[in-house]
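Let me begin by presenting the structure, written as structure tokens, before commenting on it.
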Amino acid sequence: MSITAGPKVTTTAALVNTDRKMNNHHSTQVLHGSGQHGMQPSGNNVLNGLANGATGLQSSASSTSTRDDSTIVGLHYKIGKKIGEGSFGVLFEGVNMINNVPVAIKFEPRKTDAPQLKDEYRTYKILSGSEGIPQAYYFGQEGLHNILVIDLLGPSLEDLFDWCGRRFSIKTVVHVAIQMITLIEELHDHDLIYRDIKPDNFLIGRPNQPDANMVHLIDFGMAKLYRDPKTKQHIPYREKKSLSGTARYMSINTHLGREQSRRDDMEALGHVFFYFLRGQLPWQGLKAANNKLKYEKIGEKKRSTNVYDLSQGLPVQFGRYLEIVRNLGFEETPDYEGYRKLLLSVLDELGQKLDGEYDWMKLNGGRGWDLAINKKPNLHGYGHPTPPNEKSKRHRNKFNQVPLAVNNLNGSNVPLQSHSPLPGGTDLTQGVSNAPQQPQQIMSQQQYQQHTQQRLDPMSYEAYKQQVQQRYAQQPQPTQQKAQKSPNNDTSQQQFSQNRQQQPQYQFQQNQPQNGKVQVADSNSEKGFFSKLGCC
């Protein structure tokens with residue numbers, strides 16, 4: 001049984017029917033929105049055969065855009081402003097040029113140690129048609145990146161929580177909690193566990209849409225199969241597992257290195273509910289010498305915090321929920337409907353109803369949230385960025401005031417002289433030094449105009465692409481001496497460079513479906529014990 005707050009809405013499938021008929025390239029994008037009442041969300045090898053013929057993955061040759069316009073990907077998705085960034089890569093808003101439907105475009109470097117977009121795309125296709133799950137339209141390669149295009153949504157619950165003074169009313173928490181439980185139930189029904197429950201990954205819809213205040217779930221890069229889709233055989237219980245998720249919300253069993261299952265998603269939801277009700281959790285702000293000790297402290301604090309103390313001054317039903325899910329067995333099926341009824345009883349006791357009214361609808365004199373007023377606090381979600389910090393402001397001002405050096409014919413940078421040099425050749429842009437001065441190069445008017453034209457909007461795709469190209473160009477190349485020290489002394493520097501260039505393609509292809517079955521790597525195989533941990 002699915003319970004949602006507010007009027008029932010249709011899925012996004014109808015909106016993209018025209019697009020899917022006209023485009024053979026499926027892709028996915030992340031969410032984001034602007035306006036009133038809304039803003040901004042891997043399984044393992046058991047996934048064999050689950051998405052046979054359903055994912056529509058294209059090879060790199062067929063999925064790479066052939067358009068001359070550098071701001072168009074996937075043949076007809078035009079890239080707009082940057083709206084988010086994080087460890088995964090960068091997120092841009094965009095538009096489907098065929099039907100003018102807004103989309104989100106997620107960029108992931110192809111050379112990343114743990115690519116996730118391909119597995120995330122598969123998960124979106126598995127969940128396609130589920131209420132509260134954005135539609136995935138396209139996945140492919142564009143230059144140095146993997147690209148995912150999905151529905152554009154509104155702000156995350158974390159953003160709305162900030163805008164509402166970092167405290168939700170009991171009524172709003174019940175509204176969102178019921179929807180969050182239903183979304184996780186839908187994921188579990190498709191044999192997947194989420195493993196990274198946090199407010200940042202739950203978004204509401206875009207303004208002026210039927211689902212403007214409906215909670216959606218995004219970002220399935222950490223999702224994993226907990227049972228075989230065909231036989232329904234549950235994964236075995238194991239210990240000494242690496243931590244996966246966000247330390248602030250993860251379950252106690254996850255801190256203890258135990259294999260995650262459905263119970264861990266439900267416990268993490270309980271921690272989010274108390275976060276919304278209390279404003280913060282008792283294990284926030286703990287200090288330690290390093291991250292490993294910090295996560296251990298968080299786990300110890302969770303174990304030592306009594307649920308009764310956590311529920312002080314709050315409806316007892318929230319504490320009861322946390323007690324129930326913490327006592328679930330490893331393979332036990334959660335009572336999703338029972339949890340919803342338990343939380344609905346809170347409204348009954350308060351004499352309130354599930355009427356679809358949320359705290360964020362009261363912002364700005366009852367007009368609701370507005371990005372022109374309510375700023376996105378950071379770029380790690382899927383909202384609009386805030387102005388740069390003081391350090392970046394200084395960098396920006398310096399960039400705007402001092403002409404950059406122009407590369408000479410030898411490829412080295414030389415300092416530039418002001419356009420109006422002072423008598424005696426004095427240049428105020430240079431520091432005072434007794435060392436012999438290098439020959440200075442005066443920038444011509446034409447060079448200055450070209451330099452000015454290169455000042456791109458830092459939120460634009462062109463600026464991001466320029467940064468990526470510069471970063472790759474600055475990567476050190478292996479010397480001939482290093483190549484001779486390699487195990488194969490016959491390998492030339494040219495062959496070594498070719499192997500490096502071919503490596504990303506191999507990494508992308510190695511998870512391609514084999515023998516008609518989808519092979520998905522277990523994200524626990526990543527190097528590093530804390531490689532999957534989020535903010536705590």
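Placement of Cβ uses the backbone N, Cα and C atoms for every residue, glycine included.
Per Swiss-Prot, the feature compositional bias 'Polar residues' maps to 26-42 (among others).
Look at Swiss-Prot and you will find 26-68 (among others) tagged as region 'Disordered'.
According to Swiss-Prot, the compositional bias 'Low complexity' annotation covers 43-65 (among others).
Here Swiss-Prot flags 77-361 as domain 'Protein kinase', drawing on sequence analysis.
Neighbours of Glu85 (ATP binding site), defined as other CB atoms within 10 A of its CB across all chains, total 18. The ATP binding site feature in Swiss-Prot is assigned to Ile83, Gly84, Glu85, Gly86, Ser87, Phe88, Gly89, Val90, Leu91, Lys106.
Within 10 Å of the Cβ of Asp196 (active site, proton acceptor) there are 23 other Cβ atoms, across all protein chains. Annotation comment: Swiss-Prot describes Asp196 as active site, proton acceptor.
Per Swiss-Prot, compositional bias 'Polar residues' is recorded for 407-420 (among others).
Feature annotation from Swiss-Prot assigns region 'Disordered' to 407-524 (among others).
The feature compositional bias 'Polar residues' is assigned by Swiss-Prot to 427-436 (among others).
The feature compositional bias 'Low complexity' is assigned by Swiss-Prot to 437-453 (among others).
If you look up Swiss-Prot, you'll see 463-514 (among others) marked as compositional bias 'Low complexity'.
Summarising the annotation, Swiss-Prot assigns S-palmitoyl cysteine to Cys535 (among others) and lists similarity to another entry as the type of evidence.
According to Swiss-Prot, the feature S-palmitoyl cysteine maps to Cys536 (among others).
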Distance from Asp196 (active site, proton acceptor) back to Glu85 (ATP binding site), taken between C-alpha atoms, in Å: 17
Euclidean distance between Cα atoms of Leu91 (ATP binding site) and Asp196 (active site, proton acceptor), Å: 19
Neighbouring C-beta atoms (10 Å sphere around the C-beta of Gly89 (ATP binding site)): 20
